[in-house]
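Down below is the structure, laid out as structure tokens.
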Amino acid sequence: MQCGIGHLPGGCQRTMGLHCVLILCLFSGWAVGYKQGDNVTLYVNKVGPYHNPQETYHYYTLPVCRPEKVHHKSLSLGEVLDGDRMAESLYHIRFRENVEKKTLCQLILSEKQVDELREAIEELFYFEFVLDDIPIWGFVGYIEESGFLPHSHKVGLWTHLDFNIEYNGDSVIFANVSVKDVKPVPLEDGAGAAVGGVGVGGGSLTVTHTYSVRWFESPLPHGRRAERLRDYSFFPKTLEIHWLSIINSLVLVVLLLGFVIIILMRVLKNDFARYNVEEEGGCDDLDQGDNGWKIIHTDVFRFPPYKSLLCAVLGVGAQFLTLATGIIFMALLGMFNVHRHGAINSAAIVLYALTSCVSGYVSCSFYTQINGQRWVWNIILTSSLFSAPLFLTWSVVNSIHWWSGSTQALPATTVLLLLGAWVLVGFPLTVIGGIVGKNRAGSFQAPCRTRNIARQIPTQPWYKHTAVHMAIGGFLPFSAISVELYYIFATVWGREHYTLYGILLCVFAILLSVGACISVALTYFLLSGEDYRWWWRSVLSTGSTGLFIFVYSVFYYRNRSSMSGLVQSTEFFGYSLLTAMVFSLMLGSVSFWASLAFIRYIYRSLKMD
């Protein structure tokens with residue numbers, strides 16, 4: 001297959017080459033055929049505390065069996081972002097050949113190394129191996145707490161592993177590790193405790209690591225092996241089809257749509273009947289003695305302050321709306337499964353770069369429509385509105401990971417690759433989209449003329465203040481997704497594999513529908529009080545959903561998870577803030593366009609000659 005870039009200029013070749021490299025990262029995981037006796041490589045990957053999914057370290061940081069020269073596997077971008085650091089192991093596994101208690105290596109552990117192992121076991125360290133793209137999990141050791149008086153505290157190291165591998169034809173279907181019939185080697189306080197086959201001498205501890213391999217035939221074809229891994233229960237299973245959540249959200253949407261469409265339209269019908277009594281003159285000649293939203297027709301389309309920032313928010317919100325929709329549809333097409341390490345991370349990076357043109361186009365187009373003059377500054381602001389907070393947050397989180405020696409710290413080559421993707425793809429596409437949007441922008445479509453002198457806004461009751469509207473506009477969309485949000489958090493910050501993408505698409509549509517309906521209703525109440533400052537209010541009212549999501553993340557951390565420590569806490573709260581910002585931008589953009597469409601409709605419906 002040819003890429004067809006042989007006759008392009010060098011710069012274009014490099015850009016398209018980068019696209020090819022990034023996109024190809026998404027589609028690793030095709031079937032590998034083996035013959036009996038072929039070597040099946042087992043990679044060691046990472047270890048970390050069971051309750052801190054994002055705190056991971058290279059497996060060889062522990063005093064374990066390792067080759068003299070460590071050979072690392074070439075990883076995709078998504079795998080690196082996921083903290084994977086795969087390296088070849090000393091385990092020799094051959095296809096469909098059983099092995100019984102083969103010696104892996106013999107280690108002489110110093111007192112310091114014994115203490116390292118004991119500390120890791122007491123923190124419930126688990127390891128992850130990878131065989132034919134299948135993750136294999138197990139605990140480093142065994143800990144037992146018993147009794148209050150007398151109290152016993154036993155720590156043991158697993159020195160023998162039983163590998164159970166399932167196959168179908170020439171393909172590996174599933175693999176796991178078992179210590180069911182194995183006794184752990186006790187690690188008592190102070191090296192040199194002699195127990196069961198463990199040599200002792202001079203403050204050191206000698207242990208022998210062994211392993212067994214057993215092959216079992218499976219009826220499951222290779223194309224369905226992901227189902228086998230989903231049924232495996234090393235990590236607790238909490239995700240099930242949650243119809244109650246969907247029904248609750250659907251009922252809420254029906255009620256809101258009924259409120260907006262039936263009640264609000266009946267109110268508007270009465271308003272139109274009252275306001276359209278005068279059929280003489282244009283919109284500017286309406287009865288000025290009346291009150292309500294009609295009387296502010298000469299101010300409702302007055303352009304707001306901070307135009308550039310508003311347009312940047314709308315542009316980036318539209319970008320994330322496109323990005324989220326693309327990710328969900330890619331998931332529905334089966335591009336992400338449990339065997340493709342980090343595929344969703346790669347997809348998010350690629351789509352974020354490619355959808356930058358959306359943010360530039362939407363932002364600069366609307367900025368030109370509302371008579372913005374500094375379009376270059378608008379493009380720069382749009383490009384950095386999310387990328388700057390992302391870079392600052394990542395810098396802090398990555399520095400802490402680097403300080404702790406975690407594999408979540410990105411290597412320099414990956415940082416340069418991501419920076420290159422933004423500099424060579426993301427930012428240029430934002431500029432191109434902004435230029436196209438500026439040139440194709442027409443005039444702002446306003447049914448009524450805006451006067452030069454602004455009308456005085458009457459004093460508003462407390463329930464029409466911005467904070468109240470933000471509380472209402474943020475809580476209702478949050479309540480529509482609150483149950484589903486738990487499952488998403490359990491996937492991102494836990495051990496679950498989310499597979500209910502059809503339900504996720506429904507909930508995503510519900511979220512956007514609720515946000516649009518609430519925004520229209522709150523905008524009508526605002527205009528009825530003769531307050532024409534709806535521009536920013538429509539963004540903030542529903543955009544405040546992000547605040548509720550961040551508060552929920554704090555609740556989840558304290559009450560629904562067992563995460564702890566500086567490394568895990570920094571990453572959790574740092575990226576939870578960014579997630580809340582994404583939801584605020586996305587929902588703020590949706591609610592603004594819904595309010596703008598509603599306002600244009602009601603003022604266009606006033607009779608004019």
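Glycine too: its Cβ is placed from the backbone N, Cα and C atoms.
Your range for transmembrane segment, going by TrEMBL and the list 122-143, 342-363, is 342-363.
Take the transmembrane segment (534-557) and the stretches 243-265, 409-436, 467-489, 501-527, 577-603: counting Cβ pairs under 8 Å, 577-603 has the most. If you look at the transmembrane segment (243-265), the same-chain residues 6 or more away from its ends with a CB under 8 A from one of its CBs are 476, 479-481, 483-484, 503, 506-507, 510, 513-514, 517-518, 520-521, 524. Through the fold, the transmembrane segment (375-397) approaches residues 308-309, 311-313, 315-316, 320, 356, 359-360, 363-364, 367-368, 408, 422, 426-427, 430-431, 434, 438, 570-571, 574-575, 577-578, 581-582, 585 of its own chain, all at least 6 residues removed from its boundaries and within a Cβ separation under 8 Å.
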